[in-house]
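Accompanying notes for the structure given below.
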Amino acid sequence: MSLSEYLREFAEIFEEAAQELTSIFELPPDLLKDITEEDVGTDDSCNKKFLEVQKQKEDEEDEEILKGVDLTQQDSVREKIHEIQSMSQLSEKRKALLMQKMLMSGYLKYRRTHKKESDENQLSSSDLEKTYYDKEQEILGCSHYMRNCKVQCFDCHEWYTCRHCHNDACDHVLERPAVENMLCMICSKVQPAAQYCKYCKNCMGRYYCNKCKLWDDDPNKSSYHCDDCGICRIGRGLGDDYFHCKTCGLCLPISVFNTHRCIERSTDCNCPICGEYMFNSRERVIFLSCSHPLHQRCHEEYIRTNYRCPTCYKTIINVNSLFRILDMEIERQPMPYPYNTWISTIRCNDCNSRCDTKYHFLGHKCNSCHSYNTCISSIYKPLDHPQVSIPRLATAEDAGMRRLMGHSWDNSDEDFNIFGIHSFI
């Protein structure tokens, strides 16, 4: 007999007994109603207790059946599954629940242990240990921020001074908007995230953003939150020294409000040099004259050996002096026969024009803008007649420039309209 059938039969017997008692003693209707309601409540309580006892009994039986299985050994697990399947006294539903409980026993044990530790709010010695931005001057924080608190990751519940410290140590990313708790490093008290500690009343950071859960106690840094970007950035604020460009999808200096060229979601990509995602990077991002972004640190290293944008190959620094040297070198070193009869069809990376020019090992000059930043499309050889197509000749057009990269040049950023932005803080 199933449990539901048993309870149904029990209720019918109880109802018959109540009718007999009513007919014998002829109780008043209102009194009978009160007694019936009280009996129903008692019956529900008994049923609940009965179910709890029944579940406890089943759990004990399950533990006895699953005793001895080693989840790390496939043979042991397979043997136990066959044993459960062969138990004719168990229903198919009970067998399925048993196998599920066996396979999830390790996870359930971890959850119970983790929940217990979380409920007791136990903090390890490493959690309570203070971290410093500058240990000599006793400025609390980490290598990334000045702050007086630690944050708890919503996913792993571990404590770190900032999201960067967490991301460097863990295999997942800390989502700052999801942070709920902070640990004051002054009084070592856990509490909801806020700018001030509710126990010692100390300020956790001069700047605090409740949306990003960002604390920064650096007195020399100004920060603001941009709702369109969805993050905090370095600066005095929108309308003061920055504006948000809807097309580019980021905040730009007000000085380039009327001059910058819009590229949709321009920083929603990785840096072409180091590969780091630029939209929320802490590194300063600059925009080249062609409006392509990259990290300022990467740009400074890159232009030591290259003069072209890594994305579109346009010239990004002033190399006019090198072009003049190339003019003199090409004039001084004429090509020998039969190379002096060859004609190159070139495409200019700076002005995108196509033209024909004399072939030379050192480089090919654009007839429109006089730039040597060109690439060969094809070469016409009068002695052979057929025109040999070269989809991409990676060395010929740069041979002369590589020889001259050791020379100095005027790399003034003003001539090439390079400007920078402070990104995610």
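Please read every residue number as a count from 1 along the shown chain.
The backbone N, Cα and C atoms fix where each Cβ goes, and this holds for glycine too.
What Swiss-Prot says about this protein:
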- Cys142, His144, Cys162, Cys165: Zn(2+) 1 binding site (BINDING)
- Cys153, Cys156, His166, His172: Zn(2+) 2 binding site (BINDING)
- Cys184, Cys187, Cys197, Cys200: Zn(2+) 3 binding site (BINDING)
- Cys209, Cys212, His225, Cys232: Zn(2+) 4 binding site (BINDING)
- Cys226, Cys229, His244, Cys251: Zn(2+) 5 binding site (BINDING)
- Cys245, Cys248, His260, Cys262: Zn(2+) 6 binding site (BINDING)
- 135-202: zinc finger (ZN_FING)
- 204-270: zinc finger (ZN_FING)
- 271-313: zinc finger (ZN_FING)
Cβ-centroid neighbourhood (8 Å) of the Zn(2+) 3 site, Cys184, Cys187, Cys197, Cys200 excluded: Asn148, Ile186, Ser188, Lys189, Gln191, Lys198, Tyr199, Lys201, Asn202
Zn(2+) 1 site, defined by Cys142, His144, Cys162, Cys165: further same-chain residues with Cβ within 8 Å of the Cβ centre: Thr131, Gly141, Ser143, Tyr145, Tyr160, Thr161, Arg163, His164, His166
Under 8 Å by Cβ from Cys229 (Zn(2+) 5 binding site), counting only residues of that chain that are 6 or more apart: His244, Gly249, Leu250, Cys251
For His166 (Zn(2+) 2 binding site), the three-state class that DSSP assigns: helix
Pairwise CA distance, Cys200 (Zn(2+) 3 binding site) versus Cys262 (Zn(2+) 6 binding site), rounded so that it is a whole Å: 49
